[in-house]
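Report on the structure given below.
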Amino acid sequence: MVESNSDNILEGAKSEDVALLIVGDPFCATTHTDMFLRAAELGIKVRIIHNASIMNAIGSCGLQLYNFGQTVSIPLFQGNWKPDSFYDKIEVNMKAGLHTLCLLDIKVKEPNLEIMETRGKIVYDPPRYMTVKEACEQLLYIEEEVRKQGVLSRTETRCVGVARLGQDDQTIVSGTLGEMLEVDMGAPLHSLIIAGEVHHIEEEMLKFYAYKKE
């Protein structure tokens, strides 16, 4: 992982040309920003080559980028660990009439803690990617069982699920939080947008991508 190898990357960059190829925009992750600052402190010249990112590709769903508020990350629930701090940002966005881009959890090369504790071996779990359906299930759990503040509604809150944006088989579906529980978006990667207030063009796009129950 970049976090654990950043020292080696920077050490090598003192005497050689080093490239760090990442998925998405270089400065969407604090790890990369930290490396940039550390490189500057070490006198290492850095050239940034910008990349395609979900942060701009999300415009494909038809909701206007200037109507988006704070972006949130939704982590996968694990046992009794069911974080909900991101709910506060969704609430702020909704009160301002702004859309919320939800980045869904990705677990790759995660060590199995049980095996580490019992056998002393590092064994990695299979990759796991949060789906739009899982995200909606967790959002509804937080709203209906934990917060109970009426920010999100199973039948009234409108969403857009996107999968594999930019690929030939990209999928975009709009519907209520409840309807999105029935949608199979296919293979990863998935993202979810919670819609705020929409103008007429955005409304037409939501209708264009509307979930059609078979």
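Just so it is clear, glycine is given a Cβ too, placed from its N, Cα and C backbone atoms.
According to TrEMBL:
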{"type": "DOMAIN", "residues": "14-180", "note": "domain 'Tetrapyrrole methylase'"}
{"type": "BINDING", "residues": "ASP25, SER53, ILE54, LEU104, LEU165, HIS190", "note": "S-adenosyl-L-methionine binding site"}
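Feature annotations (TrEMBL) mapped to structure.
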{"residue": "ASP25", "record": "S-adenosyl-L-methionine binding site", "CB count, 10 Å": "16"}
{"residue": "SER53", "record": "S-adenosyl-L-methionine binding site", "CB count, 10 Å": "16"}
{"residue": "ILE54", "record": "S-adenosyl-L-methionine binding site", "CB count, 10 Å": "18"}
{"residue": "LEU104", "record": "S-adenosyl-L-methionine binding site", "CB count, 10 Å": "21"}
{"residue": "LEU165", "record": "S-adenosyl-L-methionine binding site", "CB count, 10 Å": "19"}
{"residue": "HIS190", "record": "S-adenosyl-L-methionine binding site", "CB count, 10 Å": "24"}
- Item | Overall pLDDT of the domain 'Tetrapyrrole methylase' (14-180), taken as the mean | 91
- Item | Among the S-adenosyl-L-methionine-binding set ASP25, SER53, ILE54, LEU104, LEU165, HIS190, as the record gives it, the longest Cα-Cα distance in Å | 17
- Under DSSP, is ILE54 (S-adenosyl-L-methionine binding site) helix, strand or coil? helix
